[in-house]
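Engineer: Here you go, one structure.
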């Protein structure tokens, strides 16, 4: 019995000891939960001072320990997302996906998930799909699995984050070890100087029911980057980046360049000084051919090249290359506030109307020429009528008076107009201000000749003035200035950017759709411009680059700096380059940054400031100054009224027409001599005087 009593007493003591230990464990768990809850509540209250919308993402364990509904932030919008222990995020449940779409406008996130792997999967999904604001405020539980090398890019984008790290420390009193819970607040170190290791920085400790150092745990980290080196991928494209910038950054000089470097290059220089970081410029491989990047299959990184390939591979922090602010680019970049708007249009051939062959008729219009010819014919007929009238009637009166000497004097010079063809010819000669071989003595004809001279002087002065204006005026140009004119032409159209083709095909305008259907992709810009100069192509680009290309062509022609192959190519050039006046679209342009870059807010701030103070316009003017100077030189040379050989084409054509008519008249006289004169029975080649006297005798008798 004593043994049984001892066993019962031992069991009672054992149960009592186990009960006391479980009670102590429960109290310890409660104290631990209360400490975590207090820390979370205080950090959430701090977040609430910065944000008006907070999202709570919790798993079953922390939904029991921390009641987010008990946190009083009634004046702010709050969302709760319940995550299961075995949750999958590829893709997530419809309820979670729908909630994430609704909370896109929030910028504060409290993520309390005990499984660090599940937390990392959640962050990878929402960051890749841009379902959260990575520049917002984050509160997470510390877990070493969150800082694996493959997750380093997450903490290079989410920098306003606080980690709650819970661990136990031991105090020894009177030889007894006492367990004390410690809660530290950590954050990621930014900027990060490595690309595969995430450095953690201590910021505060929860001790004795309060934070040791205060409540400002979300200190801005992007205002001063402390001299960190940022990689900048460069694609030289007017007006964003010029070729002169390559010499500038390859020489690592800090002096001001006398040449224009480009708008985006100058923007980065100012932003680098303001945010205190170093620039590490580089040109991706084959960037001149790949440019922004080729289209590929989603998820296949190897199919993307150019700037897009660099963005997907996360090789750079900034991307310079005249990026269009479009949804397509937003899938791969973070784009700054647009700093400029570019006119996207076509470079078209400009044909000169070669109308030198009709130079003699250009001074007057058709109705003026008709009036002039009618006046000439009427005047010639009038001179002939006056001459014949004077010859018949006045001469008959003089013969009645038997004053043959006076009749002879009055008849002098009338022979010029007695025949109609001679009358018209001499009238035409007076119109051209050619003097008559003899002035008729008949006063009727003399008075009419005087008034005809006045008319001839006025007509000649007007013709000469109009001819001078025609010679001094540049040749008329045939240009394409609208999309409707472009579609009516038979020219091919195209550009290097496939996105431009998609813009045309997506348009509801019939002209744009027709252009999109015949849009060609061309890789070589110089070959495309050569095709434009040869009148076979229209090149699609921004107006600034097209103006620069036109200025470069003018410069090459003026200074004769082409090699022999280029000269052979240019020898067939028949057209000047013309920029179409109508813009297909006014495209906003922005700086490119890494996707979800934490630098975007401050970059936007500095871009807006430089745009508002006029620096962007000044840099744009610097880039385009060289092209404008070359175009001004060409215009000044074209305005000089020099008469070259083409200007004489009209005179040569008139002379040719005169020779042709003369030969036709000669040929007609030969035919008349051969088939009329030689077959006349009165013809005697040995007595031609008698033959001609016999032919003229009836006229003399009739006259007498």
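The chain as shown is numbered from 1 upward.
Backbone N, Cα and C atoms are what each Cβ position is placed from, and that goes for glycine too.
All TrEMBL annotations are machine predictions without curation.
When I checked TrEMBL for this same protein, it listed these features:
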type	residues	note
DOMAIN	250-348	domain 'Ionotropic glutamate receptor L-glutamate and glycine-binding'
DOMAIN	367-585	domain 'Ionotropic glutamate receptor C-terminal'
TRANSMEM	368-390	transmembrane segment
TRANSMEM	411-431	transmembrane segment
TRANSMEM	443-463	transmembrane segment
TRANSMEM	648-668	transmembrane segment
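Mind mapping these onto the model and telling me what they sit next to?
Structural biologist: Through the fold, the transmembrane segment (368-390) approaches residues 361, 410, 414, 416-420, 423-428, 431, 440, 442, 444-445, 448-449, 452, 455, 459 of its own chain, all at least 6 residues removed from its boundaries and within a Cβ separation under 8 Å.
Panel annotation: around the transmembrane segment (411-431), residues 376-377, 379-381, 383-384, 386-388, 390-391, 395, 437-442, 445, 449, 452-453, 456, 459-460 of the same chain, lying at least six beyond its termini, place a Cβ under 8 Å from a Cβ of the stretch.
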Engineer: Who are the chain neighbours of the transmembrane segment (648-668) in space, where the CB to CB distance is under 8 Å and they lie at least 6 residues beyond its ends?
Structural biologist: 356-362
Engineer: When the domain 'Ionotropic glutamate receptor L-glutamate and glycine-binding' (250-348) is classified with DSSP, how many of its residues are helical, how many are strand and how many are coil?
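Structural biologist: Tallying H, G and I as helix, E and B as strand, the rest coil: 32 helix, 24 strand, 43 coil.
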